[in-house]
Each structure stands twice: as structure tokens, then as C-alpha cells.
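To start, the structure itself, in C-alpha cells.
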Amino acid sequence: MNAPTLFGLCAAVLVGFGLYGLIVHPQPLRKVLSFNLMGSGVFLVCAVIARRGAAAGMGGDPVPQALLITAIVVAFAASALAVALMLRQFDETGSSSLSNDPGPAPAKPAAKGEA
Amino acid sequence: MNLDQTLLAAAMGLPLLLLLACASARLRRRMPALFVLAPLPALAAALWAGHDSMLVLGNTRFALRFALDLPGAMLLGCAAVLWALAGMFAWRYLRERADSDGLVVCWLMTLTGCVGVFLAADMIGFYFLLAVLSVGASGLVLQGEGPQAVRASAIYLGLALLAEAFLLAGLILLAQATPDGSLLIRDAAAALPGSPWRDLTLILLLVGLGMKAGLVPLHFWMPLAYGEAPIPAAAVMSGAVVKASILALIRFLPWSTALPDAGHALALIGLFGAIYGVLIGITQSQPKLILAYSSVSQMGFLVAVIGMGLAAGDTGTALAAAFYAAHHLLVKGALFLAVGVVMLTGRRHRWPMLVPAAVIALGLGGLPLTGGALTKYAAKDLLGEGLAGSVAVVSSIATTLLMIHFLRRLSAMTAVEADARAPAAMVTAWLAMALASLLIPWALYLAIPIDTLPKAVAPAALWAALWPVLVGALLALGLDRLGTRIPQVPAGDVGEVLYPLEDASMAAGGWCERVDAFTRRWAVSCIALLLVSLLFGWTLMVG
Amino acid sequence: MSPAAPVNLTTPGGLLLVLAVLLPFAGVLLGLVLGGRHAQRVAWLTILLGIGVVLAITRASLGSGASLVYLLGGWAPPLGVALRADGLAVCMMLVVAVVVGAVGVYANGDFGTPAGQRETRAALAFWLLLLAVWGSLNLVFVSGDIFTLYVALELLTFAGVPLVALDGRAETLQAALRYLVYALLGSMFYLLGTFLLYGAYGTLDIALLAERVGAQPVTWMAAALMTAGLLAKTALFPLHLWLPPAHAGAPAAASALLSALVIKGAWFLVVRLWVDVFPGIVSLPAAQLLAALGASAIIVGNIVALRQARLKLLIAYSTVAQIGYLFLMFPLVQALNATQQGNAAAVTGGLLQAISHATAKAAMFMAAGLIYSTLGHDRVADLRGAGRALPMTITAFALAGASLIGLPPSGGFLAKWLLLSAAIATAQWWWVLVMLVGGLLTSAYVFMVVVRAMAPAAPGWSPKKQVPGYQQAAVLGLALCSFLLGLAALLPFDVAQIGRAVVPLVGSP
Amino acid sequence: MRIAADIFTIVAILTGAFFFLAGTVGLLRFPDTLTRLHALTKADNLGLGLVVLGLLPQSSSVFGGLKMILVWLLVLLASATVSQLIARAARRGGPHP
Amino acid sequence: MSIALHLALIALLLALAFWTVVARETFAAVAGFVSYGLLLTLAWVALSAVDVALTEAAIGAGLTGALLIGATSRLRKTEAAARAERPGRATRVLAAIVATAVAAAIAACVLLLPDPGPSLAPEVAQNLASTGVGNPITAVLMSFRAMDTMLEAIVLLFGLIGIWSLASDRYWGGRPGLAPVVEPNGILAYLARVLPPIGLVVGIYILWVGADYPGGKFQGGTVLAAMWLLLLMSGLHDAPAVSQRWVRLALVAGPAVFILVGVLGVFVAGAFLGYPEGLAKPLIIVIEVALLPSLAVTLTLLLMGPPQRSESSP
């Protein structure tokens, strides 16, 4: 049971937490949070694979580690877009919920946008 | 492009050209005048085009091929005559109608489809032109205006597309069976007996074409459609459009090899249809509905003739069936035009209209010296002496009964003020059609050697044709006394079962909508995604 | 049966593949900098050049008769990334170019910035996102590396999501958010599958993977995760929560792009994985499961489409149904593989189904857009007068509908003919039944809409806005493309089979 | 000389750890935000300083050592400003964590 | 000994992750997530992926944390409404079961994966010399799989275009983010004056060292973005208007240079994104130097969100 395998199991549990959070939490912000959690779990799996590919004098296989850097940046861009969408939906409707039966839209926030 | 190919191209091309010309509003207004001319090239093709040349459009693999065989030529010629005269009738009919665009486009579309189906030699072309025919015909029914017309047109189209679905499956089975992958109907028919899925293909083809021909369990669209469609449209649909499926039956079924079980089953359904059509017909009061049910009956009889021919494996059936269909085409078209004309003439002038109508109507029942007798005579040796032969006699009696009932209802439907006269163009069209339906069967009988003339005119044959008509007339008198006690059957008889069916489908729709709303909830969708991935993992592991 | 031998050499036409991907991206960069009216002109220039490049690629691949390959940076896989374009990819790139061109012509009406006016948000965003969608789709079709395909999927999602909320209405923002978070969940599954495959076989290249992939638990799990992720992005039936509101809410040109093209990207990946990478692994029961989901999509999608009150929602649900059709090909391919007959018929049938759906659905959505701007509403109940006001558009809608139903000579008919022949050749009768019932249900709502549109208008009614002619012409052109696609069979038939394992075609076309 | 350096490292790190412990106990025990802040910043910064001091001799190169001191200074700067901000937010009755 | 350290780290990671999922208050969950992000950096170091650790610390914990904390404070009002929509117990149990099933499947895969797994490290080592770069990961990012890195920069740009397209038409061309409230002698302003220079040096150092040691343009770009965000938040500098030409040029510069160098490769080195012999390192440096400012501007604007104020607002 060496360290990478331990981290691999930890990654699997993280993905489980992320999935649970994504399903259960109604607020989209908590969903993005859980999505990032799951993302870090998936990236940890990849890091374990990289660590197991250590050879030719390198601590880990550089190709999956390069993929990881790309994936982390892409995940950040996705979170930024999701948060921007949430905030715009909040500005327009005063509520941020994903349920498709639109409840009674509460009163619009007083001053829209202008600080 | 020798003469035959140019004739075929013109027959198909002119209606298509006129249909495309309808795109511009200006041309569309002057189109009714051309209705008479549109089918003439088809008539010329039927008369003079050779039966071995083939018009090919497209390259080797997928191409539209058009050719003409004897039954096809016979039916095409009669259909062209009916289209031309009904076109004249429709031209005069359209003059009073305000919005004629819909009828013009649908008329030309149906004409193109009809001529195309008669000429089609390959399966893809046949399937496509049958689709064009169905859409055009349902458009014609729609011109009846009113919620009933919309429902009738929807039912017509629904059943037509259902039939096309069966047909497509059958055609693909045929295509799989034909050895070198050629799509010609000739090769497909030849390959049918040897195909591994022979019975399934036969069932699919017979169900598909039977539905288009109005076989009994699925015939209810016919009375609904003909009842709602305007007169010229009903004339053309009951005459030419229905014959498309009969011609398809003639072309697709393998006449060389005997298929007793399929043939007998078909004959049984056909004969049952013949009797059932009449039974329901006599309960109707609308002349158009009576004619529709008479069509159901006649189609049933014709399918019975084909069934018996198929069982016996007699190659002559194709010609006999085509001859019978041609006669029915002419008579039914004429009778519909008669209904149109009589409805516009006053009581005082109705007799000159009713007499020819009576002659033709009784001819349908088999009155000697008329086309009907000839067709019954030609079909007699096919049906043989046994059960089928006697049922054929019963059906001619019943048809005579139905026709007399029709004539009585028709005479009661004259225009309100006594001395109204139908417009001249309509009357000429009707009379020309009546004349055609009397002369053409004789011309065809002589031209195509089904049997020698003297035998047909021999006193024995004449008497054999006369007594069913007399018995029919006697029954008609009996029917008169029954009068009011006959139960009133709604137009679509079996069609009534549709209403509970529609409610059931609405319920199913509601359930589907609830399922959709449930699966589109966030938590459910995510769990579904996880379940799908686990399911795929498991099936891959197990598989 | 592995696909054509993975020759890892740059073929002559290879550079065109790079151009096909980079041209739209360069257009986005230039358009962003210039902004305003110039963005539209840059977009138009890129569309014309892009169509030229795609035609050149078609000619090159038809000429050489084999896949075009390009090694990026000169490094051969497994280290470097290779771009490959076989017959499937070339056909899809052609269709995408045609649809993008037509949408471009149509969008001049809605998103054109007249001279002298300042840059508006929607116009700039639309033209940039149009090129973004095009570039990422071309990358999805040509990339030979499954991680680059992941990045391409993300590009496609990032380009698609803002299209949904382009006109800024509140409910479209929620629809866009649902679409984004669900698509991200899907692509995270796909990424996890990619990592597992790399962990097991040490390469990310499709051709090499096809050779090394063996029947092990890790491969099954990776295939399951990647397929589930892609199904979420294609919105196959149980996973279609985001599609109807997103496609119905977006403006007409945007929903045409989303419905016709963005969906096809993820579907194409499923085809690439199941037909090229996992032919040995994917068992018949798994393919049957995929087609079962497709069949349920056809049934529920069509029935719910029949009951929709708004035309755009009706067309969106029709997309849900037609996606089901796209997945019917997998058991047929698998069964044909098993019986050693060439799976060319089923693969080409599926491809033609996708192509005819892309063109027909884009035409339908744009027609719905024109109807909305003419009638002021898109309630299906009273479309009266649309037929008279927009004759070309309603004919286009009818032709597109005929292609979806599968009436000859449309592409849909040819696809249905091929798929039905394959289903019969492998004796899978239930898929035959599903296809025919699907065709009937589709015809129900297409004729419902056309008949209601043809009904004469109420007296004294006049169209709200006079729709410019070129928009109607674009819609009709696209519908004709789909309707006359059946004649494509008259061309040399196996355009789609270039570079694939050419096994003699069994049975009639 | 090596041994002396090692002993010095151990001693320094131990005291640093002790201060961290004190800071954590303070965090848990003290009643309100302000006092917790006080404990946290004071104890932890000092603890970190000692740990860095202890690690200096162990570091491979002078440049490495300088980098560690830079890290310590940055942490000092950051914790000072952040605790100031949190204090002001706490005084104004803002969101309490 | 190190196993114990790793176990402790894993236990802490799982505890924080559990807290992030279970916490009722969103702000608490985000606070838990930020510390989780920092600990995750340690995990990457434990798995000897130092480059990735740097990226995770900068982008994963830093920018994502800032993004989520900013969003939480603005969405505080929707907390009560959202709690009403919490799914019922059955859904939660089912979700837990399905999530654990998938996690178990992934754990099984991790256990089944070959331990000294197949690796491309030898090939990278062989060809490292020709890329002229010491750090193998930078070699993979900039030479072997340069396409992915270029696409990544384009992904960020598409994300930004997507965010900008969400603005309301009234404010198009305006400035993103809220108007800065300036208190010149506040403590934040003091930090904003002291830290950025240091940050600038550290950012550029990380970029420069990236060639041979862990580091690189994304990590450097993020540090610079953090510094500019600090300035923006402290009010010393106002966010640039979206319609300004220099902003758009800055955004496009990075990817454009990357594509141009790639196209140059076609003529000089015979393959797109290929580098001629010997010239690899300078070209890579040119790309990285061009990408650094572009990434910094893109990441900052990604965080600031769509334009919410008119161009001339205070």
C-alpha cells in the first residue's frame, strides 16, 4: 500500500464527495464548489498515474502532469463562467436556483448594478 | 430518347412542370384552365408508348426508372380520361370558390403522384411518388373546409403514412432479397418467392397496399375522405388514386408461382369487404357516402379476384384485375360527377341527368351489355364455381341493391328551386364521362383478347349477368318498405373506435410529459447520469 | 477489426486540417480586436475562407482515397499530437461548413450592425461565438488525441453556453447555467476516462489506443465513464434536462447552431470511440443498451413534442427525439462487426442521419425564427397566415420535416433505408419497428404545424415585420440541402468510407 | 559543527511548535473574535519565525535560506493586514465565520 | 515516516472535503474549500508533481477561492430561498448510494491500474535535448503537446468572451466590477502599495525559472493577476473599460503570438508548432513572454465578471 495508491483511494472518495454535493445542494454556488471538489479528485487520480509512471530520472511522468496543468486552468475558466452566470441570474431575477419549476420570483433587488 | 421515352417523360413532366409553376401567384390563378390539358400526355403515353422501353433518370446506383406494362397502360389511359374530365368539372367548380390556391396545388400534386405511380418501375420511385400522391390527396380532402374535413384529412394522411411504413419495411425486405441489388419492381417480384423472408414480405406488402386500397378493417378513411372532399376531388380520388395500390398489387405479386395460402386469405378478406361495404352502404343517406361504401365493396371484390388469381397462380389475373379496376375507375368517377351535377339541377330537369346515371350504376352491378357484365364475365373463370364463385354472384346482387338505393337517394338530392340548371361545362364533363364509362370497357375488351366477343354476348352469358340484377332490384323494393327501421350507422363506422383511441393517446401523452418533467429535475438527471455510467460499466463487464 | 493502419506520416493535404481548425480561431482573435462592424466582416471573410479550406480537404481526401494525417510539431504519437481526418470527419466538416454559411447569411438580419452604429453586445458576441463553435467542431472532427478532444469539447461548451443566453432574458440565463454545469459534469467524466486509459495503456492517440486496448476492467470502466459523459453532453433521453429550455430560449440563429451542430460534436466522439477505439471491447448488450436509450428518446421526445404549445419548444423536443435516432446505429454496427460483414452500411446510415438532421433542424429553427418575427408569437395553436406571409419559409419547414420523417429523396430516407437494411441483415426487428414508429410520430407534428401554417389568415391581419428575402432564401437553401441529400447517393457512394477499413459492402446500398 | 547546527535546529523548531500550540489553544479557548485574532497572529507569527530560523542551517544554499526568510516576511505582512481587516469587519458586526 | 505524514495529509484533506460538502452555511463551506485547496498543494508535492502544485496553489486555491468568496458575499440573500429547495431524504440517500458506487468503481480502477504504469517519461527524456528546455513539463507543454497549451489560452479567451456576452446591453463597453470605494490610508491600500512590486518580481521570476525548474507562464501569470486584483480591490486603480482597444490587444497578444510562431514553424521547421533546430528555446521564451501579460489580463477580467458600469462611471 504505497503512498500513490493511498492518494488514489483518497481521490476516489473526493470524487464521491463532489458528486454527492453536486446532486444534493440546490444553490448553484454549492454545485460549482462540489464540481471543483470532484475536479480535484479527478486530477489527483491523474497525479497518481503520473507518479506511477516515474522513470528516466523524473519524479513523475511529465505528460499527465502537463495535462493536469491544462485541465486545472480549464476548470478555473469553467468555474468563472458559471459564477458569472449565477451573478447575472441573481441580478436579473433576485434568485439563483436551478430547479426548473420557477417559484414566485421575489421582488427585484432595489438598485440594479449601479453601486 | 426514342418516341416511347419522350412520351413517358412528357406524361410525367407536364404535371410536374405545372406544379412547379404554381410557385408564382400569377400562374396559379390561370392554372385551372390547364387542368384538362395536364393528363393528355399521359393518355397519349398509355395509347402509343411501347411496353419495353424504360426512361432512366440518375446514375447507375440510385436512379428513377419509368416504364409501362399492359395493365399499367390500361389503367393509366382510363385514369387520364377521368383526370381530364374531372379537371374540366373542377375548373368550372373553382370559378365560384374564393380561395382556390390550395385546391390547385393539391390537384396538380395528386395528378403528378398518380401518373408517377402508374409509370414507376423501381421501388424507390414508387415509394416516393406514392408519398407525393398521399400528401396531395390528403390536401384535396382538406379543401372540404370545416373541422370534419380537417379530421378526415388527418386520418387519411395518418393511415397513408402508416401504410407507407409497412410498405417501406416490405420494400427493404424485397431489396435485400433481390440478388444483384437491383431496385426494379420486376426483379423484386421475381425474387419474392425465393426470398428468405417471403411470408413476412408478403404480409407487409399486402397490409400496406390493402390499407391504401381500403380493405375492410382499415377502410374507414375512405367514407370520411370522400364524404368531405369537394366533388371533383372525390371523383378523382375514388377513381384514379385508389387504383394506384391495385396496380402495385398487380405488379409486386408473383403471378408465375402459386401461393395458395396467401391467395385464399386475401380472397377471404376481399369478399368479406365486398359484402360488408354493401351492408353499411345501404344504411347511409348521403349519396357520396353510399358511393364511398360501394368503392369499399368493389375494392374488396377486386382484391378477392387478385387473391384467387394468386392462389391459382394464373398469369391472366393481372389483365382481368386491371380490366375490372379500369371499369370501376370510369364508373365511380362518372357517378361522383353525376352527384355533383344532380345536386345543382332543379327537380324539373333532373331526369336527363338521372337516366345515364342509372344505366352506369346498374352496369356496376353487372347489367348485361354494359362494361360491368364484361368485367364480371372476365373475372368469373378466375373465381371458379366453388364458394368464391357464389359469393361473387351475391356481391353483384348486393351491388345492384346498393346502386338502386343510391339512385333513390340521389334523386331526392336535387337543387332547391325546381328549374335550376347545372352549368354547361359540368354537364358536358359528366355526360362525356358517362359515355366513356360505357364505351371504353368495350373498346378495351376488344383490343385486349381476354375472351372472344361472341362468347361474351352469348344468351347464356347474358342471362347469367341479368338474373342477379333482377334479384337485386326486387331486394331494393323490399328495402323501401323497411325504410326507417334500418339503423343509422355514422359515416366512419369502424372509425368511431378512433375517439376512445384519441383519448387514450392524450392520456399517454400526459404520462410522457410527466416522465419528461420528472427526468428533467436536477437531482434525478445527475443520478441518472451516474446510473447510466454504472450500467454501461456493468453491461460491458457482463457482455 | 482495427481501422486503417495508423500510418503516422504527415500526408500532403495534412496542413489543411490545421488551417480548418486555426482559421476560425484566428477569426475570433481578429474579430475581438477590431470589434463593431469589422467583427461581422471578419466573420464573413473567415466563413468564405473556411469553406474553401473544407472543399480543399474534401478534394485532397477524395483524391488520395485515404485519411489525411498531420503530426503537430513534427512529433509522432504517442509523444506528439496527430490530426487525422477520415471519410466521416470530412463529411461532418462539409455539413458544418454549409450550416455555418447558411446561419451566417441568416444572422445578417438579426445580428448585423448597420453602418455608423456603435458596437452592440449581441452582434459582436454572436459572430465571435459562431466562429468559436466552428473552430472547436472542426477540432473535434480532426483531432486524433483523446485529451485534445477533451479540450475541444470544453471549447465547444464554452462557445455554446453564451449562445443560449445571448438575448439576456432571465429564463435563458438559468437554462445556460443548467447547460454549463451539466456539460461540465459530463466532460469531467470524459476526462476521468481519458486519464484511466492513459494509466492503463500509456498513450492518448486514438489509432495507438485501438491497437493496445484489451478487455480489462479498467477499459470497461473508462469506456463507460467516457460514454456517459458524452451522452450527458449530447442530451440523450434520460440526460436531456438542459436541452429544451436552452434550445428554445436561444435566439433563432443561435438555436440553429446549438441544435444542429453543437450536439453533433459529442455524438461524433461517441462514434469515434465505439467504432474506432473500442470495437473489440464494446459488447452487443452494451450497444443494445445505448440504442434502447435512443429508442426511449424517440418515443418520449416525439410524444412530448406533439404536446408543446410553443413552436421552438416543439422543435427542441424534436431534437431530443432525433438524437435518439443517431444512437440506433450502434447495435447495427456491432452486429455487422460480429458477422464479419462490413459495418459500412450502418456507419454511413448513421452519418447520413446526422447530416440530414443537422441541415433540416437548422432550417427548422431559422424558419421558426422568421415565423416568430412575422407573427409576433410562436404559439403552435394559431400559426394562421404564416403560410401566406412566408411562402418560402413554410415550404422550407415542410421540406425539412419531410427529411426528418424520411420521405424520399431526402437524406433522412437514405439514412433510414441503410439503417433498416442493416437492421434486417442482422435480424434486429425491434429497431426496425422503432424507426418506423419514430417516422410516424415525427410526421404527426410536422404536418400539424404545416397544415396550421397554411390555414388562411384572419381577415385584416398584417405581418408584424417584413422579413428580408435573403433570410428566407437561406432557410430554403438549407432545407433543400437536406431534402435533396438523398441524391447524394448518386455521387460516388462511399465518400464516408474513405480511410476507414474498406471491407466489401454487403447487400444493396 | 554539524551536531551543534542540528541541536540548534531541533531546539528552535520545538519552541516554534510550542508557540503554534499556544496559538491554537488560544484560538479554541478565547471567547470572541478579537481575542482569538490576537492569539492567532501573535503566536503563529513568532512560531513561524522560529521554525524558519531553525531550518536555516539545514537549507541547501544561501539563496534557499533567503527565500525562506522572504516567505516569513510575506506571511508577517499578510497576517497583519488580514487580521486588521477582520478586526474592522468584526467591530462593524459583519459576517462572523 | 513519510507514510504517516501522507496519511495525516489524506485524513485532513478528506475531513475538509467532507466539511465543504456538509456545511450548512455557504460561506463556511467556501472557507473550508480554500484551506482544502492549500492542503491539496501539499498533496501534489507529495506526489512529486511540483509544477502542478504551483498551478494548484495559484489557480486552484488562490483564484478559485477568491472567485467563490466574492460570489458568496453577493449571493448571501438567496441562502434562505435555496434552503427551501433542499431535496428530500430519499433523494439524498439515493445520491449518496450512487456517489459511493461510482467512487468505489474509481477506487477499484486505481487499484487495478498497473503499478509501474506505462510511461512516456523515457521518450520525453530522449527528446528533451532538442526542445532546448530543461524542465520536462515545460518541454511537454511548449513543444511536444504545444497544441493543447495554445488551445488552453484560447479556452480562457472564449470563457472571457462568454462572460462579457452576459452583460446587459445598457452597460456594454463599460467597466466590469463594482465602482471602487477609495480610502487612501486604509490598511488594504497600504498592502496594495507594498505587495505588488514584490509580486511582480516573483511572477516574472517564476516565469523565467520555468524553463529549467518548476514554474511557467500560467503560474507567473496568475501571480501577476493576483497583484492587479489586489490593486483593483483596494481602489487604487479602476478596472479598464471593455471597449478599450489596448485591453483587447492585451487579451489577444498571447494566443496570436503563439499562432504566429506556430505558423513560422510550418515554413522553418516543416511542421505547425515545430521549432527549428537550436532556435527552440528562444522561440519558447518569446511565446511565454507574450503569453504572460495576456494571461494576467485574461485571468483578472475573468474574475471581475461582465461590464456592470458605464465607461464614464466614477
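Glycine is treated like the rest: Cβ placed from N, Cα and C.
Taken from TrEMBL, the feature domain 'NADH:quinone oxidoreductase/Mrp antiporter transmembrane' covers C:143-442. Among the features that TrEMBL reports, transmembrane segment is placed at C:15-35, C:87-109, C:121-141, C:147-167, C:179-200, C:220-243, C:255-275, C:287-306, C:313-334, C:354-375, C:387-409, C:429-451 (among others).
Listed by sequence, the residues of this chain that lie at least six past the ends of the transmembrane segment (C:287-306) yet keep a Cβ under 8 A from its Cβ atoms are 227, 231, 236-238, 240, 274, 314-315, 317-328, 330-331, 333-335, 430-431, 434, 437-438, 441-442, 444-445, 448. Same-chain residues lying 6 or more positions outside the transmembrane segment (C:121-141) and placing a CB less than 8 Å from one of its CB atoms are 20-25, 27-28, 31-32, 35-36, 39-40, 42-43, 46-47, 50, 85, 88-89, 92-93, 96-97, 100, 103-104, 107, 110-113, 148-149, 152-153, 155-156, 158-160, 162-163, 166-168, 251, 253-254, 257, 261-262, 264-265, 268-269. Beyond the ends of the transmembrane segment (C:387-409), by six or more residues, the same chain brings 318, 322, 356-357, 359-361, 363-364, 367-368, 370-371, 374-375, 415-416, 439, 442-443, 446-447, 449-450, 453-457, 463, 467, 472-473, 475-476, 478-480, 482-487 to within a C-beta distance below 8 angstroms of the stretch. The transmembrane segment (C:354-375) and the transmembrane segment (C:15-35) are not in contact, since fewer than 3 Cβ pairs between them lie under 8 Å (pairs 6 or more apart in sequence). Same-chain residues lying 6+ beyond the ends of the transmembrane segment (C:313-334) with a Cβ under 8 Å from its Cβ atoms: 234-237, 240, 243-244, 246-248, 255, 259, 263, 267, 270-271, 274-275, 282-284, 287-288, 290-291, 293-298, 300-302, 304-306, 343, 346-347, 349-350, 353-354, 357, 361, 364-365, 368, 380, 404, 419, 422-423, 426, 428, 431, 434-435, 438, 441-442, 445, 449.
Beyond the transmembrane segment (C:87-109), the same-chain residues lying 6 or more positions past its ends with a Cβ under 8 Å from any Cβ of the stretch are 20, 40, 43-44, 47, 50-51, 54, 57-58, 61, 67, 126-127, 130, 133-134, 137-138, 141-142, 252-253, 256-257, 260-261, 264, 268, 271-272, 347, 351, 354-355, 358-359, 362-363, 366, 369, 467-468, 470-471, 473-475, 477-478, 481, 494-500.
Note on the transmembrane segment (C:15-35): residues 42-43, 45-46, 49-50, 53-54, 56-57, 60, 68, 70, 72, 83-85, 93, 119, 124, 127-128, 131-132, 134-135, 138-139, 142 of its chain, located 6 or more positions outside it, place their CB under 8 angstroms from a CB of the stretch. Long-range contacts of the transmembrane segment (C:220-243) within the same chain: residues 153, 157, 175, 178-179, 182-183, 185-194, 196-197, 200, 263, 265-267, 269-270, 273-274, 278, 281-282, 290, 293-294, 296-297, 300-301, 316, 319-320, 323-324, 326-327, each at least 6 residues beyond the stretch ends and with a Cβ under 8 Å from a Cβ of the stretch.
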